[in-house]
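See below for the structure under consideration.
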Number of protein chains: 2
Amino acid sequence: MKVAKFGGSSVASAEQFRKVAYIVQSDVERRIIVVSAPGKRYKTDTKVTDLLIQLGEAAIHGEPVEPFIETVVGRYVDIADGLELSAADFIEQMATDLRKKIETYRHDQSRLMDALKASGEDNNAKLMALYLRHIGLDAHYVSPKEAGILVTDEPGNAQMLPESYEKLRELKHRSGVLVIPGFFGYSLNGHIVTFPRGGSDITGSIVAAGVGADVYENFTDVDSIYCVNPSIVDNPRQLKEITYREMRELSYSGFSVFHDEALEPVYKARIPVCVKNTNNPEAPGTWIVAQRDHRDQPVAGIASDTGFCSINVSKYLMNREIGFGRKLLHILEDEGISYEHTPSGIDNMSVILRANQLEGEKERRIVDRIQTELQVDDIQIEYGLALIMVVGEGMERAVGVAAKATAAFAKANINIEMINQGSSEVSMMFGVKEEVVDQAVKALYDAYFSKQPLS
Amino acid sequence: MKVAKFGGSSVASAEQFRKVAYIVQSDVERRIIVVSAPGKRYKTDTKVTDLLIQLGEAAIHGEPVEPFIETVVGRYVDIADGLELSAADFIEQMATDLRKKIETYRHDQSRLMDALKASGEDNNAKLMALYLRHIGLDAHYVSPKEAGILVTDEPGNAQMLPESYEKLRELKHRSGVLVIPGFFGYSLNGHIVTFPRGGSDITGSIVAAGVGADVYENFTDVDSIYCVNPSIVDNPRQLKEITYREMRELSYSGFSVFHDEALEPVYKARIPVCVKNTNNPEAPGTWIVAQRDHRDQPVAGIASDTGFCSINVSKYLMNREIGFGRKLLHILEDEGISYEHTPSGIDNMSVILRANQLEGEKERRIVDRIQTELQVDDIQIEYGLALIMVVGEGMERAVGVAAKATAAFAKANINIEMINQGSSEVSMMFGVKEEVVDQAVKALYDAYFSKQPLS
C-alpha cells in the first residue's frame, strides 16, 4: 500500500482537488492520503494557514473575528462550489467550530493558535473525503486522534510519541481510502498540538512508517528534486534517485522540498519516498531510497547557503593542550550557540556557525570568554561566509571528485576559504565568500553535471 | 649580538670543536654559544647522553659503574687530546664529579638520571670554553645557574620559569664569548633539572630570547631545512626562508630539525632563527622568521606522518543536537586521548587521532561509551591512516593551491580520505591510506616544487 501526502498547492482549489482525486483513483494502492491546508492558488494568494494565524491574532487582540472567519470559510466554499458539492452542513459546522475554538481557548494563546492552525488541514481532509465519496470512492475522513497520532504537549513543536505506531498499524486493516489531515496530533491529555515547520510532511512520514507502507508518496508542485537550486542554475538536471543521507545533506542547505526532520520516521523504517508532481503525475518523480547505484553519478547534488561566519582562534602549541577544542565548544554551548564545522590546524581552530547567533552583545562576550578562559594568542571573526555542500554517496570512493571541485573553483578564479571532508561522509564542504557563492555553485554544476548524459 | 647553538654532531670530536671555533671567531657578534653533549662521530657511534644513561642505569641496578665512567670520560679525553689541550685537571674533576653525583643521588633515581644526563652538556661547555681560551679567545663557561635558567622541578620535563628572563638579560653586558651548556636548568631549590626532548634547542631559544639577540643561530649538520623529507624525495628543494608558523606545522609531522616546543621563546620574542651547517658554514642556511614574502611560493613544505586512525560516528539529525561534538570530545578527554582533527558532516563526525592511543581495552571502552552515552546510529574505527600537511603562509589567499593538490592526487590515482582546511590556516591537511602516503607526498612535491625555479 501507498501513503500519499498532498502539499498545500496540491489542494488549494477545486481544480487541484480534481487532480488529487484522479491520482487517488488511478492506483488502488493509494489507500491513505494526508492533506495540507489549502495553499496558494497564485503567487500573491494567501495560504489558509496564514489566514488562520490572522484570525487567531485578531481573537487574541480582541478585534472582530467574523471577517476573518468569513475569509477562511470562503476558501472552502470556493472549493466545494467548484466541485459542485453540496457541502452546506460542512461549511456551517466549520464556522461554528472556529467560533467555538476561539471561545474555548480565549485565555490560552498558544493552544488557540494550535487549534486554529490545525483546523486548516482538518477541514481540508473532511472536504477531500466528502469529494472523494461524491465521485464514488469509499473514502473516509480519519482524525489524527482516531488514527492514533499521539504527540508531546508542546504547542507548535509536537514530537511524536512512540506508542503512536501500535495504533497507526491498525489503519492497514481499514477498508476504502482514508483521508487524514496533516500537521497535528493529539497530546495524551487530549489537546490538539501542531508539529514544527513542515508539519504535513511529518504526518505523512509517521503514517507511512506506522502502517509499514510500501511507498510514501509526497505530492508537490515540481516534477522532481533538482541536483541544484533552479534559482541559481537554469533548468538543472532532475534527480531520478537519491538516498536519505543525500537528501538530508541537501535539504539542510538550500533545498526546500523537504523539511529534514520530516524524513526521520520513513528513514528509520526504510520506506522509499517518491516525490511527485500533482500537476504532472505521469512524470516519474524523484525516489528517495536507502541505497542507490552511484557508479555513474558519484555526486547527487550541490546545495549552498549564506549567512555563516567563522570564529578563528590561534594559540602557539594549541595541539599540545588536551581539552582545548572541548573547552572552546563548551563556551559556545554555554552561550547557546550551535555550530556547523570545526576545521583545525595544529595551532589554530575555526568554528563555523550561523552569523545571526552572534548578534548584539553575544559576539563581544564570546570573544572575551575565549580570550580570557583559553588564553588564545589571536581571535578573529570572519563574516560573510557561504557554505557549499557537494553531496553524493559515491564521493568517498571516487578518485578525482575533490579534484573536479577544486579545479572548477580555480578556473572560476574563486578562492576557497575552507574545505571539510571526512572519511565517513557523503559530502564535501567548501566555504567561500558570500559574494561569489552563486558563481561557485554554477562552476561546480558545470564540473559535475553539465557534460554528462542525463541520468 | 647572536646566540649560536651547536647540536651534538657539531661538538662530537676535536675536528668538530675546531669548526665551531672557526665559526665563533669569524663573527664577533657570536657572543653566546650553547652546546650539546658530544653526539655521534659516525653512524654506529653512541651519543654521550646515551652513555650517561647507561651509567645511570648501572648505578641504579647496583652494577659496577667505573667502566661506564671511563667510557664517558674517554670521549672528552679524545676531544682534548685531538685539540692538543692540557686538560688533565678538567678530566680528573669530571670523573670525580660523576662519582659524587652517583653517591649524592643514590636514592633518587630521577634526580640521578637528570644530574648525569646534564653533565654531558655541562662538561662539553667547560671543555669548549677551555679550548676557545686556548686559541686566544676571551671565552668563559657560564653555568645555567649563573646564567639564571630557572625551571620547574619536574625531572626530565623542566619548564622555564618566567623570572629567568630578568637574570638572563644581564648576560648581554658580560664581555667575551660565553659558553653555556644546553639541556638543563636549575629548580628554585637548587636541583639540576633537564628539559624534555630537544633540550639544547630549548636552552638556546631561551637564552636568545632572554638577551634579546638579533639572531638565534642553530648549527646542525645539514645545509638547510628541506621542503620535504629527503628520505621520501631525492635531493629536494632547500628552503631559504620559512615562518615560525610554517616551521611549527612542518615540525609536527615528519620534520625533525626542530623540536617544536623549542621555538616558543624566540617565536614570542620575534627573534629570527637561522638554521646553519657546522660543516659548511658558508651556506646561507634557512631563516625562520615572523613573516615572509610568499607571493612566489605560497607553499613552503610538505610533511607527512603515519599511524593515525579515524573514529567515524553517524547519527541521524546529529547537527540538531546541541553539544554533540563537545560530548564526544569530552569522552575522549576523559579517556586521556588527544586528537588531531574533527572533520564533520551534517549527520556524522570523525575524530582523527594517533592510533597507538587505542591499544588494549581502550578501543572497546571508547566505542562502548560513544554508543551508550551518545546513542549514535553507527560507529566505526578506520586504521592505517596517514596525514599529509601542505604548509604555506600564502595558501590562504592563493586561488588554485587546493586544485593543484587534488589534481596531483587524482593524477596519481590516490583516493583522498579526508581534507581539512580552515579559513585562518597556513596548512591544508589530507588523509590517505598509509600504503600510498609516500607516493602522495612525491606527487604533491612534483605539483608544487619540481617545475618551479629554485627560490
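For all residues, glycine too, the Cβ spot is worked out from N, Cα and C.
Taken from TrEMBL, the feature ATP binding site applies to B:Lys5, B:Phe6, B:Gly7, B:Gly8, B:Thr220, B:Asp221, B:Tyr226. Taken from TrEMBL, the feature substrate binding site applies to B:Thr49, B:Glu121. Annotation source TrEMBL lists domain 'ACT' at B:390-455.
According to DSSP, B:Lys5 (ATP binding site) sits within a strand segment. Residues B:Lys5, B:Phe6, B:Gly7, B:Gly8, B:Thr220, B:Asp221, B:Tyr226, recorded as binding ATP, reach a greatest CA to CA spacing of 20 Å. Following the DSSP three-state reduction, the secondary structure of B:Thr220 (ATP binding site) is strand. Sorted by the number of other CB atoms within 10 A, the binding-site residues B:Phe6, B:Tyr226 start with B:Tyr226, the lowest. Residue counts for the domain 'ACT' (B:390-455) under DSSP (helix as H, G, I; strand as E, B; rest coil) come to 28 helix, 13 strand, 25 coil.
According to DSSP, B:Tyr226 (ATP binding site) is assigned to a strand segment. In this view, B:Thr49 (substrate binding site) is surrounded by 23 other Cβ atoms within 10 Å of its Cβ, with every protein chain counted. If you take the C-beta of B:Lys5 (ATP binding site) and look for same-chain residues 6 or more apart in sequence within under 8 angstroms, you find B:Ile33, B:Val34, B:Val35, B:Ser36, B:Gly182, B:Ser200, B:Asp201, B:Thr203, B:Gly204, B:Tyr216, B:Glu217, B:Asn218, B:Phe219. Distance from the CA of B:Glu121 (substrate binding site) to the CA of B:Gly7 (ATP binding site) is 10 Å.
For the binding-site residues listed here (B:Gly7, B:Gly8, B:Glu121, B:Thr220, B:Asp221), the lowest count of other CB atoms within 10 A around the CB belongs to B:Asp221. Between B:Gly8 (ATP binding site) and B:Thr49 (substrate binding site), the C-alpha separation comes to 9 Å. Each residue contributes its Cα atom, and for B:Tyr226 (ATP binding site) and B:Thr49 (substrate binding site) these two points are 27 Å apart.
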